[in-house]
Structures are given as C-alpha cells and as structure tokens.
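Asker: As annotated in Swiss-Prot:
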- Glu28, Asn283: substrate binding site (BINDING)
- Gly60, Glu89, Gln94, Ser120, Ile142: S-adenosyl-L-methionine binding site (BINDING)
Amino acid sequence: MDSKLRSLLSDHSRYVESFRLFLQNSTEHQCMQHFIESKLPNIISSIGNDKPVIDVLGVGSGSGEIDLQMIAKIQARWPGVPINNQIVEPSAEQIFGYKERVAKAPNLENVTFSWHRQTSSEFESQVNEDKQMRKFDFIHMIQMLYYVKDVLGTLKFFKSCLAPSGKLLIILVSGNSGWATLWKKYGQRLPLNDLCLYITAGDIAEMLSSMGARFQSHELQSDMDITECFIEGDRDGELLLDFLTETCDFKRNAPADLRDQIICDLKSPGCSTTKDGKVIFNNNLSVIVVEAD
C-alpha cells in the first residue's frame, strides 16, 4: 500500500457523505427492496413458528431503512406477535437516524427496539463475558462483513446465535461485480488495514462450506452511475472514487500511475458498461441465507 493513502473510514464525515452519494447514484437499496418484497417472505416463513416472541438481531444496521422493511414482512407473516428487535451499530450518527426513522414509522406497536452502540466483535465479546447465549430467530448482516477483523470467527459466532429454525441473512458484493474485479487487481495497493477487508460473497460461501453450514445464495442485479468520476474537478465524482477505492481523497493522494490505472479500469468491461453516454458500474450483490443447525 502507498504510505500516503488513508482509509476512507478514517474520515467519518467524508465516509458518510460518499456513502450517501453512492446510495443516490446506485440501485443498491432498490434491488434489496425488490428482494425483500419477492423473496424474504418465503425465507422467514417458519422462523416464528410457535414463538410467543420473535427475536431479531440486526448487525451493522445503519439508519434502519432496510431493517424496517424486513420487520414489516415479519409482522405480515405473524400479525400481532411481539417482536424484540436488537440492533448492533457502532455509529452514533446512524443510531440517531434509526431512532428518528422509528419515531416517524407507523405500525410498530408490537416491536420493541434496543440499540447497542458497539461493533460486532464488541457485541460478541460481551455475550461471551455474560455467558448467556442469546438466541435469535432472524439475524441479518447487510454490507458489514468488510469491517470485521475475523470474518470466519464472526460467521461461526452469529450462526451459533440462531434459534432452531432461525435464519442468518448476509448481503455482500457479488463475486462477479465490478468491486471484485477492482479489489482483486488493486487490493494490495489500496489501504487494506484493520478498518476494511476486500471480500466478496464468493469468499463467504467458501468459508460457510468449510464450516459445513447449510446455505442458499441469491444474486441481485444492481448498478451505479459513476460518470462523474471521469469529470475533472467534479466533487461528487471525487467522493464516488473515494467510495470505490475505500480511500480518503483518492484522486489527490494516489500515485499518478495507480490513479490513472484505476480510472481507466473503471471504464473496462470487467467493471462497467457504457450506456447513453453514461458509465454504469456493476454493483451486483449476493444474498446468502444460512440455516440453523
């Protein structure tokens, strides 16, 4: 890694700004919403059988937009059954946004919310210290496994937190996405450190197979307009480049050869397509659903 390059996560406000821009320019949340509408009801169809309370755990839930859509599907499947929704999220800013969202949302009378301002590893340590293994009927980890130090250990721990008939839902970038192309080629030169791992759903599937876990995978088609990345001096384009490389102020700080190579490769068929004069990045995702033992 070039010594001048810093992880985007080291500048929280710039990370949040670039992440919001990513959501604005991509179909990330739309493709997740389509999955929740079309596939999630079947996935959760038996998690609450004979349960007086349904226990849900969100790990790295952000501001809760996707969480509340999934909660609505659980409510639709088991009307009136109390839902205990625990949230593990390290960002105070995101928790504040989540609480604001809950305050405005209708039809949450039977849902209790508990927020834990922790990383997933801090939550794991606390559970192990308390020696009281909580069991959950539904656990979801959406776009967060990049930020844990021990991915295999994290998978084993949260799988062990599943109640009988429980499901663990993981969403990550697909192994056939532009992200995978970018990370395989440039991961060694980008700020790969304690803050971020360059992993895809393909890596997770291999780990789950090595554990002997039962799981299914679903591919979600998603794209992102990155045209602004190629406009000189465009601030939004620079923020999107930061997000794509997980690097703070990439355009200014990256060595010229690395910057030029990545900008060139972002236009290549392995990363993007060109349509109506726009450069559209392959943001495909994979959903992995892990079964309880």
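Cβ coordinates come from backbone N, Cα and C, glycine included.
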Asker: State which of the following binding-site residues has the fewest other Cβ atoms within 10 Å around its Cβ: Gln94, Ser120, Asn283.
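Answerer: Lowest Cβ count within 10 Å among the binding-site residues (Gln94, Ser120, Asn283) is Gln94.
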Asker: Cβ within 8 angstroms of the Cβ centroid of Gly60, Glu89, Gln94, Ser120, Ile142: which residues besides those meet this for the S-adenosyl-L-methionine site?
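Answerer: These residues sit around the S-adenosyl-L-methionine site: Gly58, Val59, Ser61, Gly62, Ile87, Val88, Pro90, Ser91, Met141, Met144.
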Asker: Using a Cβ-Cβ cut-off under 8 angstroms and a sequence gap of six or more, which residues of the chain neighbour Glu89 (S-adenosyl-L-methionine binding site)?
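Answerer: Glu89 (S-adenosyl-L-methionine binding site) has long-range Cβ partners Gly58, Gly60, Ser61, Gly62, Ile95, Tyr98, Trp115, His116, Arg117, Gln118.
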Asker: Spatially speaking, which of the binding-site residues Gln94, Ser120, Ile142 is closest to Asn283 (substrate binding site)? Use C-alpha to C-alpha, please.
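Answerer: The smallest Cα gap between Asn283 (substrate binding site) and any of the binding-site residues is with Ile142.
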Asker: Around Glu28 (substrate binding site), how many other C-beta atoms are within 10 angstroms of its C-beta?
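Answerer: Looking across every protein chain shown, the total is 21.
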